[in-house]
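J.: Pasting a structure here, questions to come.
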Amino acid sequence: MNELTSRLNRERRFLVLLGVICLALIGGALYMQVVLGEAPCPLCILQRYALLFIAIFAFIAAAMPGRKSLTFFEVLVVLSAIGGIVAAGNHVYILANPMVSCGIDTLQPIVDDLPLAKLWPLAFQVDGFCSTPYPPILGLSLAQWALVAFVLTTVLVPLGIYRNRRRG
């Protein structure tokens, strides 16, 4: 096995790990929803979509045989993470400034009309308000943790591409 193949395999393992972590985060959100009674808002659901897209694209990328197809799906992973940054960043802003929320989430009908909301309503249907604060986890709100995860994904995936291909 040459050095480039070894680097690409390391990159693929990282992508599989990233996909598993994203699915675990969705599972954790479902646990908090069902067991702890923390109802998801439209921005929570959009963050779940971003995590799901990251996982799907990461798994597809890990299965790609060539460098170009692998890179294409890694770009989709990063774009999904940027979408997650937008949703989580907006959510963090609303939680920090509850007065900007009018109490009515205008995103709810849009998010509830997305296909997965009809296929799997428990996981992808809106049931709460974005301005509802829940107890922090290790000092950060769930939206802040999601923002950290999306930023790390946006930084680490391109860094891995650069690191694993700079000599290849």
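Yeah, the Cβs are placed from backbone N, Cα and C, and that goes for glycine too.
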J.: Hey, in Swiss-Prot are SER69 and ASN164 both on the same membrane side?
T.: yes
J.: To what whole number does the mean pLDDT across the topological domain 'Periplasmic' (32-49) round?
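T.: Across the residues of the topological domain 'Periplasmic' (32-49) the model's pLDDT averages 93 on the 0 to 100 scale.
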J.: Quick check for the class: what is the C-alpha distance, in angstrom and rounded, between CYS41 (disulfide bond) and CYS130 (disulfide bond)?
T.: 5
J.: Where DSSP helix means H, G or I and strand means E or B, what are the helix, strand and coil counts for the topological domain 'Cytoplasmic' (66-72)?
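T.: So the counts come to 6 helix, 0 strand, 1 coil.
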J.: Hey, what's the Cβ neighbour count for CYS130 (disulfide bond) at 10 Å?
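T.: Looking across every protein chain shown, the total is 24.
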J.: Looking only at Cβ atoms, how many others are within 10 Å of the one on CYS41 (disulfide bond)?
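T.: A 10 Å sphere around the Cβ of CYS41 (disulfide bond) contains 24 other Cβ atoms.
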